[in-house]
Amino acid sequence: MQKRAIYPGTFDPITNGHIDIVTRATQMFDHVILAIAASPSKKPMFTLEERVALTQQATAHLGNVEVVGFSDLMANFARNQHATVLIRGLRAVADFEYEMQLAHMNRHLMPELESVFLMPSKEWSFISSSLVKEVARHQGDVTHFLPENVHQALVAKLA
């Protein structure tokens, strides 16, 4: 039986830090579902459809990745996808407390769902979508932090 994992997030937009995590996850699991949350409360810059399309393009080189949008409760989504592993990236100690709370709640809702925490490579450890957007809004060069297609879309969105 295949080991299916979900890597959820808002990915507004997906960064090279996210690509780093999902690339390493593909080496650990047979099938990785990159699950893009609708997250209307976060008021994303890109629509869910745009985020899905950008992420599909940015991960096209990864053969065992499926990109899908979702708006369901994570535990329900994982159950429907027959996934038993939830991948989460941890950049800093500050991320840990929140992620621990999520992991405990997800385990309560779906006991067979295991949370696996991956640290990004040092090069990406300080990057977040929010930070990249903020720097780009002020005409800072964020080319290094985004896949090329995502960088082009961000520049167009801010124009």
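Glycine is treated like the rest: Cβ placed from N, Cα and C.
The ATP site recorded in Swiss-Prot comprises T10, F11, G89, L90, R91, E99, W124, S125, F126, I127, S128, S129, S130 together with one of H18, H82, namely H18. Across the structure, S129 (ATP binding site) and K42 (substrate binding site) are spaced 12 Å apart at their Cα atoms. Most buried of the binding-site residues H18, R88, judged by other Cβ atoms within 10 Å, is H18. Local packing around the Cβ, expressed as the count of other Cβ atoms within 10 angstroms, is greatest for S129 among the binding-site residues S125, S129.
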